[in-house]
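Enquirer: Pasting the feature list from TrEMBL:
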- 6-27: transmembrane segment (TRANSMEM)
- 39-63: transmembrane segment (TRANSMEM)
- 75-100: transmembrane segment (TRANSMEM)
- 120-140: transmembrane segment (TRANSMEM)
- 174-200: transmembrane segment (TRANSMEM)
- 226-247: transmembrane segment (TRANSMEM)
- 253-276: transmembrane segment (TRANSMEM)
Amino acid sequence: VAIITLETFAGMWINAFILCVLCIGWVKKKSLNSSEKILLLVGCSRFCFLCFSWVYCSLSITYPNYIYVQLTFQLIIFFQSFFNCSNLWFSACLCVFYCIKIANFRNSFVLYLKVKIDRIVPWLLLGSVLSALAIGTFAYDIADTKLGNNRNSTRHGNFSKVIGKMDENFFQMYFIYVFGFVTSFTAVICSAFLLLFSLWRHKCKMQKNSMNSLSMDAHIKAMKSILSFFIMYTINFLFLMLSLIPSTKEENYMAFLSLIFLYAFPGVHSLILIFSNPKMEKTLLRILSCVKCKDCFR
């Protein structure tokens, strides 16, 4: 619980920094571009997901009698599912946006997407929210059903039995998690593949002409961001699959490693997003330098 708490609060501070920088820029410019809109929703969904996940994890271990009660448990499961799925799909939308905006293809459909991408982004985000809302509602229904079936156990104070039954009966909800995860993961894989192919073609073209291009730098920066996300997504997916296997739950070290990475992912990847964004990177370095100067002065 102590380690998960440290990871959670670190991730919340990182995502809160993203939200603050974007909101301050929104107030100054009175507008946000498409990538900033996606980043704003990514930071918000990750902040809320970490908050509800920490409440669920810490209370289910230390004070289960405060969480496995009517309405409290269902609401925590609903919000945790909603923000987790919205986080995954908002992140996938960011990868798709980078791919469409930067990749060089002469296909008429891709060119149409390039022109209309700023109008498509709000619809993608709305679809992500509605899909996450549907999954959250489904998770709420499962939690309500299972808690109602185990109400007699909670009345007698047998919370350990209730927790065991919850883990056994929640395979349906985990399956929905995997479905949403695989959908967003497929979008990330396709974006990474298309962007890598576009980078390879562009590099060959530049070598033939013996020229350097700003488009090459944009390709490389986007590729680093998407590849880092792809690698972390893959590891996150493996740990999520391991957490669904009943035999791994009995092994404390595997369950411990799964929890550590699943709670570290929202903070670590948000930190990568900060350093891949020049504006956020400068703001963060300026804040850190000011803190360092004050400490030295003291």
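Glycine residues also receive a Cβ, built from the backbone N, Cα and C atoms like all the rest.
Each of these features: where is it, how hidden is it, and who are its neighbours?
Expert: Note on the transmembrane segment (6-27): residues 36, 39-40, 42-44, 46-47, 50-51, 53-54, 260, 263-264, 266-268, 270-271, 273-274, 279-280, 283-284 of its chain, located 6 or more positions outside it, place their CB under 8 angstroms from a CB of the stretch.
Nonlocal intrachain contacts for the transmembrane segment (75-100), taken as residues 6+ away from its ends with a CB within less than 8 angstroms of a stretch CB, comprise 34-35, 38-39, 41-42, 45-46, 48-49, 52-53, 55-56, 67, 110, 113-114, 117, 121, 124-125, 128-129, 131-133, 135-140, 142-143, 173, 176-177, 180-181, 183-185, 187-188, 190-192, 194-195, 222, 225-226, 229, 233, 266, 269.
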Enquirer: In the same chain, who gets a Cβ under 8 Å from the transmembrane segment (120-140) while lying at least 6 residues past its ends?
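Expert: For the transmembrane segment (120-140), the sequence-distant neighbours (Cβ-Cβ under 8 Å, at least 6 residues beyond its ends) are 34, 37-38, 41, 74-75, 77-83, 85-86, 89-90, 93, 96-97, 113, 173, 176-177, 180.
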